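I grabbed these lines from Swiss-Prot:
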type: TOPO_DOM; residues: 1-21; note: topological domain 'Cytoplasmic'
type: TOPO_DOM; residues: 43-55; note: topological domain 'Periplasmic'
type: TOPO_DOM; residues: 77-83; note: topological domain 'Cytoplasmic'
type: TOPO_DOM; residues: 105-109; note: topological domain 'Periplasmic'
type: TOPO_DOM; residues: 131-156; note: topological domain 'Cytoplasmic'
type: TOPO_DOM; residues: 200-218; note: topological domain 'Cytoplasmic'
type: TOPO_DOM; residues: 240-256; note: topological domain 'Periplasmic'
type: TOPO_DOM; residues: 278-287; note: topological domain 'Cytoplasmic'
type: TOPO_DOM; residues: 308-313; note: topological domain 'Periplasmic'
type: TOPO_DOM; residues: 337-356; note: topological domain 'Cytoplasmic'
type: TOPO_DOM; residues: 400-416; note: topological domain 'Cytoplasmic'
type: TRANSMEM; residues: 22-42; note: transmembrane segment
type: TRANSMEM; residues: 56-76; note: transmembrane segment
type: TRANSMEM; residues: 84-104; note: transmembrane segment
type: TRANSMEM; residues: 110-130; note: transmembrane segment
type: TRANSMEM; residues: 157-177; note: transmembrane segment
type: TRANSMEM; residues: 179-199; note: transmembrane segment
type: TRANSMEM; residues: 219-239; note: transmembrane segment
type: TRANSMEM; residues: 257-277; note: transmembrane segment
type: TRANSMEM; residues: 288-307; note: transmembrane segment
type: TRANSMEM; residues: 314-336; note: transmembrane segment
type: TRANSMEM; residues: 357-377; note: transmembrane segment
type: TRANSMEM; residues: 379-399; note: transmembrane segment
Amino acid sequence: MNKQSWLLNLSLLKTHPAFRAVFLARFISIVSLGLLGVAVPVQIQMMTHSTWQVGLSVTLTGGAMFVGLMVGGVLADRYERKKVILLARGTCGIGFIGLCLNALLPEPSLLAIYLLGLWDGFFASLGVTALLAATPALVGRENLMQAGAITMLTVRLGSVISPMIGGLLLATGGVAWNYGLAAAGTFITLLPLLSLPALPPPPQPREHPLKSLLAGFRFLLASPLVGGIALLGGLLTMASAVRVLYPALADNWQMSAAQIGFLYAAIPLGAAIGALTSGKLAHSARPGLLMLLSTLGSFLAIGLFGLMPMWILGVVCLALFGWLSAVSSLLQYTMLQTQTPEAMLGRINGLWTAQNVTGDAIGAALLGGLGAMMTPVASASASGFGLLIIGVLLLLVLVELRRFRQTPPQVTASDG
């Protein structure tokens, strides 16, 4: 029973009722947000026939999410985390109701969509940081890798299902149905979350919120270990922005519309396989080195992706990137939670998640700029190999992360 399997162990859902409640709430929430993610751009495009207006809504929501992550990190370290989670979810649901009512109007308001996008982006991310900060208390730090892998699998599964449901709803009932069901799903998530135990933050001195946030920044910059993890996370997210080149590369490979879907599915599929085969990751004696090497491997996969002579080989490279990035992300998540003091968990999780959001935006902008000067193939390769060079430099510079050793957690009978 003590022999560890490569496959993900789902026993945490059975042994930890609080984590099971979070699992259910997260899955329903991801599906709800997926319905929203399909409806908003479609509605704006139908109203304005402007891709710029669609892009503006995404940018505004992303900006609100960034602010929400910063504020949420401070709140999660100051107030009872269960209350922050419930407040954020409930308030987010009110915004979805607003979008539904607006969609039912004879002439929906574009301004209302933008404002409610700001509202929902802010409050959705507010709850994310509180939930991340509370996870070690819910499952125990020794189970964080397992919890992270289960969460990743949930996110990937929900991200595949929700756009399909959203598309069917748009085809049959219109955007109001998407918004209405997103609101209903969000309020349903409150039911399992109400069963969570009290999650008080650790005692700490009262200080101005900005000063508290700056303390989080200082900790991140002063810690070679935690700061290095956050930096790798940002670079990895930048690499995933290669999806903006898919349409152009599809033309280069002369792919059909049906085949293009394989490009978009490859990274989530690889990541799901990475999560499913993460059973032994928690028992790695040198997680920092493994994180660095898996990140380098993922950059190499992106560099090779655009050079492939056939699209099917490109899909294999993307799936490999998904798998390696999943390994790196799980190690990042676990080390961040275990190496950050309890009193800082909210702020550091907020900053880590925020740099993932900004990393994706920066990566997309850089690839867009490269695409204006180079061919799609050259752009994809330049981004991958450029990040690979930066990664090799970080492998040499981040000595503390590279040499970090941990005592593998003890395997209990329930784990096997």
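Keep in mind that glycine also has a Cβ here, set from the backbone N, Cα and C atoms.
What you are looking at is a predicted structure, and each value in this text was computed from that prediction instead of being measured.
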If we call contact 3 or more Cβ pairs under 8 Å (sequence gap 6 or more), are the transmembrane segment (157-177) and the transmembrane segment (379-399) touching?
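Between the transmembrane segment (379-399) and the transmembrane segment (157-177), which are separate recorded stretches, there is no contact, as judged by 3 or more close Cβ pairs.
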From the DSSP assignment alone, can you count helix, strand and coil residues within the topological domain 'Periplasmic' (240-256)?
13 helix, 0 strand, 4 coil
With a Cβ cut-off under 8 Å, give me the same-chain residues at least six positions beyond the ends of the transmembrane segment (288-307) that come close to it.
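Same-chain contacts beyond the flanks: 225, 228-229, 232, 235-236, 239, 242, 245, 249, 281, 314, 317-318, 320-321, 324-325, 327-328, 331-332, 335, 376-381, 383-385, 387-388, 391-392, 394-395, 398, 400-404.
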Quick test of the contact rule: Cβ under 8 Å, at least six residues beyond the ends. What residues does that give for the transmembrane segment (314-336)?
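Counting only partners 6 or more residues beyond its ends, the transmembrane segment (314-336) has Cβ contacts under 8 Å with 144-145, 148-149, 152, 225-226, 229-230, 232-233, 236, 239-240, 242, 249, 253, 262-263, 266-275, 278, 281-282, 284, 287-288, 290-291, 294-295, 297-298, 301-302, 304-306, 308, 348-349, 352, 404.
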Quick one: find which recorded stretch in 22-42, 84-104, 110-130, 179-199, 219-239 has the most Cβ pairs under 8 Å with the transmembrane segment (56-76).
110-130
What parts of the chain pack near the transmembrane segment (379-399), using Cβ distances under 8 Å and only residues at least 6 beyond its ends?
224, 228, 231-232, 235, 238-239, 242, 245, 249, 288, 292-293, 295-296, 299-307, 363, 366-367, 370-371
List, by number or range, the same-chain residues at least 6 past the topological domain 'Cytoplasmic' (1-21) whose CB is under 8 A from its CB atoms?
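Here the qualifying positions are 135, 138-139, 143, 146-147, 149-150, 153, 192-193, 195-197, 275-280, 283, 411, 413-416.
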